[in-house]
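TrEMBL annotations:
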- 34-80: domain 'DNA helicase Pif1-like 2B' (DOMAIN)
- 109-172: domain 'DNA replication helicase' (DOMAIN)
Amino acid sequence: MYLFPGEEVSYFSSDSLEIDAKNQHVEEGDYTVEFLNSLKIGNFPEHELKLKLGCPVILLRNLDQSTGLCNGTRMIVKRLGKWFIEVQILTGTHVGDTVFLPRLSLSVHYKSLNFTLVRRQYPIALSYAMTINKSQGQTLNHVGICLQRQVFSHGQLYVAMSRVTSKRGLKILSCDSQGKPVKTMQNIVFTEIFE
């Protein structure tokens, strides 16, 4: 983040518990706000979202597919308002479009503690890199694939390599089990799918 010029802006979430039939045993006072703020859940916005103008972000929820606002859409921050964040879409059929993102109330059932967390926050995260699975369906001009371990699932290598529009835009770093660069990779194919 320090490489981006300008002032860093922090957006803090509003976190609460949702009491329903699933978690009747939980009461509001059972967990402190600080504890709820500290929870980190995959594909869920952080309590504190730190942003600067020009930083890349990824959308964590489907908002409006007709305007290109789908889970996994990559965007660049253009303006940091008090009540909205203005972004420019980088991927999909709406490349170049400017949109305004609102704060949303998102909920997730936290299984290990058996309660539902409600977090009101912008549905984005910083995105300097993404997983192979998250890249599926996107078209990118430049792709760098870092395989510190070989791919582990059928079709992952194909998905990773087919995101780029030309061979010139593709860079691959593949490593052996000791972390040393190698010139070959194993493409995992389950032959059962051809039977």
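Quick reminder: no glycine exception, Cβ is built from N, Cα and C everywhere.
Counting residues per DSSP class in helix, strand and coil order gives 13 helix, 22 strand, 29 coil for the domain 'DNA replication helicase' (109-172). Mean per-residue pLDDT, taken over the domain 'DNA helicase Pif1-like 2B' (34-80), amounts to 92.
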